[in-house]
Amino acid sequence: MLDAFSRAVVGADAKGACLGSADLASLRQHVADANIRIDATNAIAQHISCIAADAVSGMVCENTGMTQPGGNCYPTRRMAACLRDGEIILRYVSYALLAGDASVLDDRCLNGLKETYDALGVPIKNAVRAVEIMKAATVAIITNTNSGPSAFQGISGKGSDCQGIAAEAASYFDRVISSLS
């Protein structure tokens, strides 16, 4: 996993050049966004169980047969596995968001995930739907547009200040969705 600084240095080194003005501007922006990035990661970490549970519940509500005998969330150990997987995906999205680099998500979480789900008989469309719900909830928490009574208050930026970080988080969820599809 490379953070933004390591990635810039490795890229410049591969070209045999010093860091350019565009690289430095990108790093300046990364530093400027650091508090918002940390706060957004903290917000995800504080809500990880709720986000995963809401996503799995939403997926099950849309597919009620999943909790019936023969369904993919029956018996309860399968439901627990869905919740666990949702939390793991959220954890790796938060790692990628903190680092500003998707390689940890790709290498540690997504590498072989689709093949594993196929081998276990997990319906991919349902897994994708759960990730879509997690994406929406996470973006709402980061931008403080969630409608719950206890919206997260710790993010340094307000609403529009967090749009860039929210878009970055959304891109990591899109990466999960595309790897499953």
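Backbone N, Cα and C define each Cβ position, glycine as well.
TrEMBL does not curate its annotations; it predicts them automatically.
Over in TrEMBL, the protein carries these features:
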- Asn35, Asp39, Cys162: (2R,3E)-phycocyanobilin 1 binding site (BINDING)
- Asn72, Arg77, Cys82, Leu83, Arg84, Asp85, Gly86, Glu87, Ile88: (2R,3E)-phycocyanobilin 2 binding site (BINDING)
- Asn72: N4-methylasparagine (MOD_RES)
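Everything TrEMBL records as a feature, shown here on the structure.
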{"residue": "Asn72", "record": "(2R,3E)-phycocyanobilin 2 binding site", "contacts (Cβ under 8 Å, 6+ apart)": "Met66, Arg78, Gly121, Val122, Pro123, Asn126"}
{"residue": "Cys82", "record": "(2R,3E)-phycocyanobilin 2 binding site", "contacts (Cβ under 8 Å, 6+ apart)": "Val56, Met59, Cys73, Ala130"}
{"residue": "Arg84", "record": "(2R,3E)-phycocyanobilin 2 binding site", "contacts (Cβ under 8 Å, 6+ apart)": "none"}
{"residue": "Gly86", "record": "(2R,3E)-phycocyanobilin 2 binding site", "contacts (Cβ under 8 Å, 6+ apart)": "Ile51, Ala52, Ala53, Ala55, Val56, Ala130, Met134"}
{"residue": "Ile88", "record": "(2R,3E)-phycocyanobilin 2 binding site", "contacts (Cβ under 8 Å, 6+ apart)": "Cys109"}
Fewest Cβ neighbours within 10 Å, where candidates are the binding-site residues Asn35, Asp39, Cys162: Asn35
Site extent for (2R,3E)-phycocyanobilin 1, whole Å (max Cα pair distance, Asn35, Asp39, Cys162): 11
Conformational class of Asn72 ((2R,3E)-phycocyanobilin 2 binding site) under the three-state DSSP mapping: coil
